[in-house]
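Summarising the annotation, TrEMBL assigns transmembrane segment to A:33-52, A:59-77, A:83-102, A:109-128, A:155-175, A:201-224, A:230-248, A:255-274, A:280-298.
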Amino acid sequence: MKRERLLILAVLAALVAWPLLMGDYAVAQANRAMIYALAALSFSLLAGRLGWFSLCQTTFAGISGYTIAILGVRFGLPFPLVVMLALLFTTLSAVVFGLLTVRSRQVSFLMLTLALGQMVWALSFQWVDVTGGYNGIAGVRLPTYGGLDLNDTRVFYALVAVTTLAVFLAVWRLYRSPFGLLLLGIQENEQRMRALGHPVYLARFVAFVLAGTISGVAGVFLVYDMGIMSPSPLGLGHAVWVLTAAVLGGYRSLWGPALGVAILIALESLVAQYTDRHMMVIGLVLLLSILLMPRGLADVLEQRFKRKSKPLASVTTTNRGDES
Amino acid sequence: MKYAKSLMLGSVSALTLASGAQLQADDTIRIGVVGPTTGVFSFFGEQQRMGVELAMEQLSDRLDERNIEVEFYDSQGDAETTVDRLRAMESRDDVDLVIGPVLGGTGLAGLEWAQGSGMPMVISYSAPEDITMRNRVENVVRAGWTGAQPMFAFGRYVAEELGHKRIVMVGQDYSFPYNQAGGFLKTFCRAGGESVERIWHPTGTSDYSSILATLPEGDAVLYNGAGSDGLAFFQQYHDFGLDARMPLLGGSNFFAVGDLPEMGEAALGGLSALQYAEGLENDNFVAFRDAFREMHGDDTMPLAPAEHGYVAFEMAVKAIESADGAERKAVIAALRESEMPDAPRGPFHLDDYGNPVQNIYINEVQEVDGRLVNVPIETYSDVSQFGPFDPEEYLAGEPDSRDFPPGDCSDPYYD
Amino acid sequence: MNTFYFLTLNGLTMAALLFIMASGLTLAFGLMRVVNLAHGAFYLLGGYVGVQVIDKTGSLALGILTGGGIALVGGLLMERFLLQRVRGLDLSEALLTIAVGLVIADALLVVYGGKPVSLPLPRELRAPVDLGVMMYPFFRVLIMAFAVMLGIALWLVMTYTRIGAAIRAGVDDRETAMAQGINVSRLFGGVFAVASFLAGVAGVIGTSYMSLNQGLDVRVLMLSLVVIIIGGMGSLKGAAIGALITGMVSSFATGYLPQFALFFLFLPMTLILVFRPQGLYGRAA
């Protein structure tokens, strides 16, 4: 327990120190990392708890981003309102997608979410009157409150950091709640849970909608970070990127996805200075992760940590997931 | 297995350290070039890169004198990546001037960023007209074109010289082709045309047979698009023998950006319009073309994106020289005054809005030395992004869209 | 010219190509529960290599065989050296295929560049032939004939041969099949090889009228998925019906409402998901 606290304190300290010590670009990178950490968390919530690998979590982020761009830029609705509407609309989309996919499992789920995600991508590309098509919608800005420009990299950082922390804490609570345990139970043995009288479909459905909403939060920041909304975040490339980050970091643990995203962003920006082969790099990272450490880096680190110290009791929910 | 794991862990920690900030401050002037060198549109980014490389070689003395360094960035053809690379240029790599982006969407994303940053930017091939029109900002100029610009000339040519009255236009359903259609209609209708029927299809359509099956009658078909869509359309148009019924004209990119070898002999005689033609034969152009092919291989033709990158780079270097350094305000002022009397494509200068006023060539596909090239057969000089129209009036009008301007030339809009 | 026949023939050609693309995918899925998400990348690989061979040698058959062959080799290597390591973990297998797809697509970009490529067919193949109702390009007729023959061949193999029986046993119950002495591992390799071969062949044939380009891998994968989601994952009959529905709807939509073609492409799939989520011929999970 003490170790855990220390770790949390260290993370908090790093989050506070980063914008104070680092340059503009490093802060901007951190913003992107946190945004994608949210998307990867959304992915991991389904993958780690239910064994559902979704290729449409970034789609929800995209839907949220488009809602903000369309309502904010085209219709001029004010800032806090568009964010609420965006989250609402994203949740509704997740409800619809959830209804379509809730009965499928494993590989079928992967294929369905791939097809559905690509369908929305095609729509965003095609529905030019509404989405601006390939060129997208430019000029998405946060407001300035009394001289405080929310678009400023460091101010934006504060916004993203606080929200990201809050969402991660909420998911941490969720993982330990009876509902979280039920999800794990469903992944382990669906029949048994059903026999015990648990509403399996409903639980899955609720998890799917929750994950969609988390991705929606990522989408809000994504669009304000870029200033423009275009179809590219909805493409398969982004979905695979998020999946790779989650697999690399370890989708069964809470902090694995964040770790994976951080590493992948650092790796990409390093690789980009030498070569254009970023797609191959992502492919190889995914390949090696699955072959060498299917449980992700978080698990490798945790094992190492445990071996050196006395074995801890099963305090982290992560360990429960590993048993499956 | 264990080794692999420790290796991964080790490299991870190294990476985290390496990715930290590395802002450099010295008297070096840095030019950042951004374009899609990977992804679906990598051809355009590659061409720009090759053009810039040629300019770097030819201007190497002047670069040394000013201590100018060049760095290339891959936008992946993606708006988000473009913005990320631009941020890296500004606050990590201390770049003083940006060349690019190349594509429509990334151009608008770059503009959005440049507006907040104030970085001097020379946009090369990216053609949305609002970059130098409704959303123009002081620090962004363009070395290339707007979608409507060459079509102003083409509309006139098709009506006056070819005498076509009714055009069937099949195009990719997004803003660049809308803009091309807009430019075409605005002059075609005023030069004696009767109607343009527009048929829009989703970008990425690969089977056009059903569009061809329901194609209305006209004097000619104009395919308003390019790339793999354009190539597939071209092939199927000939498969179904429609070339015998109606001649096929091209939008600006249709014959112009590298698909000619794939189209083969059937493309001979194909007409389109652009501010560039690889079949130009004046001295400046021939020197450019020969040097380019010497540097990048005989098989690599310099096409418009390459020349635009080449010229954008020269504009940048000239601006830095006349500003005597990289001080932003001075560089921007110099950029906006750019005059390029010796550009390979022909002389041009920038208008008050930052877009070239330049020659537009009507190009015909011909075989020259066993190779298909676009040869200019007619030149319209000093065409601006507003064509024959008054800038203020043009800007006050409605922007081009899927069905604006009207396709019927008797519409009161054309009075 | 009768527009109705024209659109019908277009729809049939499209359906034929979709069937060639999707049959391999659905076979592999049916037998192994592996969805090969590198399917689109194999299409691209087969297409690029096959077209290059045709360019060099002028032989269409050789090009199709090489295109299919290189994809077959790719598929076999992937199956042997990657998928077998995680055999039984369906999702890990699927994720590995995504990774392989990315690597292949990027490697193809390095080798073949970013320009679209088309297939130089001899004139006599492009020329129209009289089908009684109208003139139609000969090679399109050939594509349809090929798909029909492929369908019949696959059906015969599945119904009447020992291998087919083994495959069906494998689908129904892996354990029993193994107990009956069927070499499941070799069977898996064989089916995967055939599936990849078909993807590569589709790549060459498809290039006869759709140009080959970076990014097409994702579109092909998506189309194939749409087809097998409609037909039911794992069902060969389903793939045929799914291809027919998708091809026809898409042809008539493109003819009359081109702006909404994409919407109509996805409409049947969405309806199926709502009303019959296991697909027309799929078994309920």
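Quick reminder: no glycine exception, Cβ is built from N, Cα and C everywhere.
Remember, predicted model here, so these are calculated numbers, not experimental data.
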Subject >> seg_contact(the transmembrane segment (A:109-128), the transmembrane segment (A:155-175)) with at least 3 CB pairs under 8 angstroms, min sep 6 >> reply: no
**OP:** Please indicate, using numbers and ranges, the residues of the same chain that are 6 or more beyond the transmembrane segment (A:201-224) and have a C-beta under 8 Å from a C-beta there.
**Re:** 31, 34-36, 38-39, 41-43, 45-46, 49-50, 52, 54, 57-66, 68-69, 83, 86-87, 90-91, 93-95, 97-99, 101-103, 140-142, 150-151, 156, 159-160, 163, 167, 171, 174, 179, 182-183, 186, 233
**OP:** Determine whether the transmembrane segment (A:255-274) and the transmembrane segment (A:33-52) share at least three Cβ pairs under 8 Å, counting only pairs 6 or more apart in sequence.
**Re:** yes
Subject >> Region pair the transmembrane segment (A:230-248) / the transmembrane segment (A:33-52), three or more CB pairs under 8 Å >> reply: yes
Subject >> Long-range environment of the transmembrane segment (A:83-102) - Cβ separation under 8 angstroms, sequence gap at least 6 >> reply: 56, 60, 63-65, 67-68, 71, 77, 109, 112-113, 116, 201, 204-205, 208-209, 211-213, 215-217, 219-220
